[in-house]
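Noted in TrEMBL for the protein shown:
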- 126: active site, acyl-thioester intermediate (ACT_SITE)
- 234: active site, proton acceptor (ACT_SITE)
- 9, 10, 11, 12, 37, 38, 156, 157, 307: NADP(+) binding site (BINDING)
- 97: phosphate binding site (BINDING)
- 153, 227: substrate binding site (BINDING)
- 2-117: domain 'Semialdehyde dehydrogenase NAD-binding' (DOMAIN)
Ligand SMILES: NC(=O)c1ccc[n+]([C@@H]2O[C@H](COP(=O)([O-])OP(=O)(O)OC[C@H]3O[C@@H](n4cnc5c(N)ncnc54)[C@H](OP(=O)(O)O)[C@@H]3O)[C@@H](O)[C@H]2O)c1
């Protein structure tokens, strides 16, 4: 595959290159793409040095697959240009996620919906991916009614500038601010921009994207998204009300059997998921699994994942792997609709 990584110099882009290398994705030619600011910069992949190119040159090269992690505006403008030359775009931004003509994919859940005609495929929001992966098997078994989620999100979710802000503050250095307030020793109930309804855009992504991924509008999700001074991964306190009652041992069993999920749940040994341990791993970790004693058929759990891995790069590479394995990229000889 001729593969373009758009946003290669960014937080997600760096992990994307790591994940492509670790999983030995079949790359015949690699194009590393970023803004004009970075053109000419050198990046390395599998011990080979590559020169960063601009978007125009990347489109001209007509890659088979382009993985975008360069912000919504770049995706809105450039993903259609790649699609026009036959490239399949996998996009990490929020630009296409709720577009009814685009698929929103967590491979373990709905990759089967993909066809060779899907030229722009959306990767869900990082907080959504880890939550929905754990909710899917439980929804199938007990039928969700309502989800209440509060997030504790890593600064790495905002990008390079935010990690720098936190590190500067910790070291007492004055520098550029990615957030309107200090983040070190703080908690900001503010992820992405505020909307007219008083929620942030991140909170509305958590409310809407699970319905699209699970192709079911019969349950609802309400969210509060909070940024905290950690860099390792996102954590979520999730309260789920089901239509049907459940057995806690069975819930643990269902989650343990779900590909991509690791259950870490033993109060006797202080075993529970934490971002410091999820960091650098592809799995979604679930713990603190317990009954909500205030309401029937209701479960509490704590879900943690590395937002740059399963929340972004790993999920995107898994989509690319699915496309290649199922011959859904135009250059694969037997590509079928
Ligand atoms: N961080 C996460 O956990 C996460 C998770 C899921 C999805 N995402 C999404 O992934 C995208 C990137 O996030 P990030 O955290 O990696 O941000 P980041 O660290 O700020 O990196 C942004 C990347 O986009 C490139 N870029 C910016 N403007 C561009 C333009 N006009 N043309 C071409 N390239 C451009 C930058 O290139 P330069 O270096 O040249 O500026 C850089 O490579 C965003 O859409 C974000 O919403 C992030």
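FYI, residue positions are counted from 1 along the chain as it appears here.
Cβ atoms are placed via backbone N, Cα and C, with glycine included.
Predicted automatically and left uncurated, TrEMBL annotations should be read as such.
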- Message: Quiz question: given the recorded positions 11, 126, which has the greatest number of C-beta atoms lying within 10 angstroms of its own C-beta?
- Response: 126
- Message: Tell me which of the recorded positions 126, 153, 156, 234, 307 ends up closest to residue 97 (phosphate binding site) in space, Cα to Cα.
- Response: 126
- Protein Cβ atoms within 10 Å of residue 234 (active site, proton acceptor), excluding its own: 31
- Ranking the binding-site residues 37, 97, 227 by other Cβ atoms within 10 Å, which is at the bottom? 37
- Item | DSSP helix/strand/coil residue counts for the domain 'Semialdehyde dehydrogenase NAD-binding' (2-117) | 41 helix, 29 strand, 46 coil
- Note on the structure: Keeping only the recorded positions of 126, 153, 227, 234 whose C-alpha lies within 10 A of that of residue 307 (NADP(+) binding site) yields 126, 153, 234
- Restricting the recorded positions 97, 126, 153, 227, 234 to those with Cβ under 6 angstroms from ligand 1 leaves 126
- Item | For residue 156 (NADP(+) binding site), nearby residues of its own chain (Cβ under 8 Å, 6 or more apart in sequence) | 11, 162, 163, 231, 232, 233, 307, 308
- Item | Structural state of residue 307 (NADP(+) binding site), classified by DSSP into three states | coil
- Per the 10 Å Cα distance test against the residue listed as 'active site, acyl-thioester intermediate', the recorded positions 9, 37, 227, 234 reduce to 234
- Task: Could you check the binding-site residues 9, 153, 307 and say which one's CB has the fewest neighbouring CB atoms inside 10 Å?
- Result: 9
